[in-house]
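What TrEMBL says about this one:
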type     : residues                                                                                               : note
BINDING  : 89-94, 141-144, 176-185, ASP211                                                                        : FMN binding site
BINDING  : ARG301, THR537, SER597, ARG598, LYS603, VAL604, TYR605, VAL606, THR607, ASP640                         : NADP(+) binding site
BINDING  : ARG457, TYR458, TYR459, SER460, THR475, ALA476, VAL477, TYR481, GLY491, VAL492, ALA493, THR494, TRP678 : FAD binding site
DOMAIN   : 83-227                                                                                                 : domain 'Flavodoxin-like'
DOMAIN   : 282-523                                                                                                : domain 'FAD-binding FR-type'
TRANSMEM : 20-40                                                                                                  : transmembrane segment
Amino acid sequence: MADKVEPVEAAVEPEAEALFGLLDVVILAALAAFGIWWVMSNKKKQQEQANAHKSYSLQPTSMAAAATDNSFLKKLKTSGRSLVAFYGSQTGTAEEFAGRLAKEGIRYQLKGMVADPEEYDMEELVNLKDIPNSLAVFCLATYGEGDPTDNAMEFYEWLQNGDANLTGLNYAVFGLGNKTYEHYNEVAVYVDKRLEELGGTRVYCLGLGDDDANIEDDFITWKEGFWPAVCEHFGLETMGEDVSVRQYKLTEHSEINPDRLYTGEVARLHSFANQRPPFDAKNPFLGTIKVNRELHKTGDRQCMHLEFDIEGSKMRYDAGDHIALYPVNNSEIVNKLGKLLDADLDTAITLTNTDEESSKKRPFPCPTTYRTALTHYLDITSNPRTHVLKELAEYTKNNKEQEMLRLMASTSPEGKALYQDWIIQNNRNILHILEDLPSCKPEIDHVCELLPRLQCRYYSISSSPKLYPTTVHVTAVVVEYETPTKRINKGVATTWLRDMKPVDPEKKFLVPVFIRKSQFRLPTRTQTPIIMIGPGTGLAPFRGFIQERALAKEEGKPVGETILYFGCRKKAEDYLYEEELEDYVKKGALKLHLAFSRDQAQKVYVTHKLNENADEIWRVLGESNGHIYVCGDARSMAKDVHNIILKVVQEKGNMSEQEAIAYVKKMEAQKRYSTDVWS
């Protein structure tokens, strides 16, 4: 019947079923699949062979690094450069120095680029020799206990653990350190030595900058010998006088959506309005100030106890860590600068790097306004460096003022002496220079290009997360002083924070913050005895240590001796957290040695108290394997403490001077002797 359809299975004739059984179908399918696989595989093999041949013809050595986005070799080759200036920077100075070297290279027929070692494949140093007249310069800062900066850590470890062949690599190293610290310029010294060990050629001697003296002087003095050595090494000649080359081009926006303007964000636009973790240096959390109270009872100095609410941030901290905050420049200084520069500060701008190959497209987040740049992004209160003065001279009409700026920017002994006196000793910033040299009228966009970035400020956390998991406490002295020119200079961060008093519950004070981990740590075993030495605000991290140990004691855990040496000027004036500390003493959670330097005719410091307690120190450190911590001034206090400890170890431990030095070194290596100091 026409309208009836039989099932397919029923339509198969018996003869057909005999010819193509189920097993036959499976075998045929398998053969077809194998055929397809063989054809595809053969094609792939031929393609790989072709690619391999192509790769071999272009890159005959297996050591040749692949040119990728993180290839500084590719950038050098495609842009016709031969100088690469790497930097290891924590505060921006090393980056600034590297930038100056890269910029100056063009004068010596060496077009340069600046490179962050964290962003590039540093193994490519092996092949830098492939570029004629190539040179790698390293501007490396040392911080902490002789540590490399965060962005140079991976490169440093690669040098330590690897054995790359750097034969043919031309290099030079300039270090940034501070002589008040024990591990002065340790990173630069190591890198300079290690590059030579791996076969590199040192083009010029290691430069060591001392931030405790005048690091700018150290740098320009080193540069004075560096460039002639480079020219001699490569057989180059100077291409005439140094010419000012602008690094960024200006775009002023007559019409722009205000929603597209950066208003102080560190990296991501609207990151303050739309907060999302994880929070770090490029994405800080807006912490609310919950408490801001004065710790000094009397006197003309101020010390703040601040509490930042970090609830909901997912940030964690340990006692001994640091909190970093991004400050804001004083609006009065910003307005004065705008007036002196004859600028409309509310003009929207973008500064774009004229070097298209550079990884740094902007000097700070753009588009923004001049006001925002001067308020949030630029350091307008530090002493300008010599290259800034050199540029300012070009905008100065009065011959005497112009010659003065040029002299200070020079490397002559007279120029260095004048810079040291007029800029450093008199503590002049960019505003003071423009006020005192009225014929100097630079363009505001050029000033924005020249000034360094405003850096975040770090403070030791003065609380324990075991008591305060969602708040971070800070103990900070307000910086304010008169300069030799009778001006009042103010600390950017502390004078900004001082006015943030949370008295009105409707008004919130928000501060961009993040946590920086530290090696300043309590012993893992609570029964280990500890000695803490922290005069003034050096007490800060020890407040967290004491809180943590007292809590452990309350919980019935075995807790070793907790001994604090604290000093200040007068008991009735600046004895920080007096009630808290005395309460811990009463509870048996703390042993306290106090030194009030001005409460008697003879000044008494914590070092005097240490000398009086040699037996106790040896009992804790020598007999009980305890820990010692020092926090505060590196210039004198920390050094004096170190010498006292050496003396105690030598005398009470019956050791020779060399044995005592080795004993203390071993304590440092075991993290039993820790310092958190500043100069």
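In case you wondered, yes, glycine gets a Cβ from its N, Cα and C as well.
Remember, TrEMBL labels are computer predictions, not curated facts.
Shown here: features listed in TrEMBL, placed on the structure.
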| residue | record | contacts (Cβ under 8 Å, 6+ apart) |
| --- | --- | --- |
| SER89 | FMN binding site | GLU95, ALA98, CYS139, ALA141, THR149, ASN151 |
| GLY144 | FMN binding site | GLN519 |
| TYR181 | FMN binding site | THR142, ALA634, VAL677, SER679 |
| ARG301 | NADP(+) binding site | VAL477, VAL478, ASP574 |
| TYR459 | FAD binding site | HIS322, ILE323, ALA324, LEU325, VAL474, THR475, ALA476, ALA540 |
| SER597 | NADP(+) binding site | GLY567, CYS568, ARG569, LYS603, VAL604, TYR605 |
| THR607 | NADP(+) binding site | MET637, ASP640, VAL641, ILE644 |
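Comparing TRP678 (FAD binding site) with ASN178 (FMN binding site), their Cα atoms are 10 Å apart once rounded. The NADP(+)-binding residues named in the record, ARG301, THR537, SER597, ARG598, LYS603, VAL604, TYR605, VAL606, THR607, ASP640, extend over a maximum Cα to Cα distance of 26 Å. Looking only at the binding-site residues GLY92, ASN178, TYR184, the one with its C-alpha closest to GLY491 (FAD binding site) is GLY92. Put plainly, the binding-site residues GLY92, GLY491 were compared by Cβ crowding within 10 Å, and the winner is GLY491.
Among the binding-site residues listed (GLY92, ASN178, TYR184), GLY92 has its Cα nearest to the Cα of ALA493 (FAD binding site). Per DSSP, the secondary structure of the domain 'Flavodoxin-like' (83-227) breaks down as 62 helix, 35 strand, 48 coil. In the predicted model, residues of the domain 'FAD-binding FR-type' (282-523) average a pLDDT of 96.
When the binding-site residues GLY92, ASN178, TYR184 are ranked by how far their Cα is from the Cα of ARG457 (FAD binding site), GLY92 comes first. When Cβ atoms from all protein chains are considered, those within 10 Å of VAL477 (FAD binding site) total 17, not counting its own.
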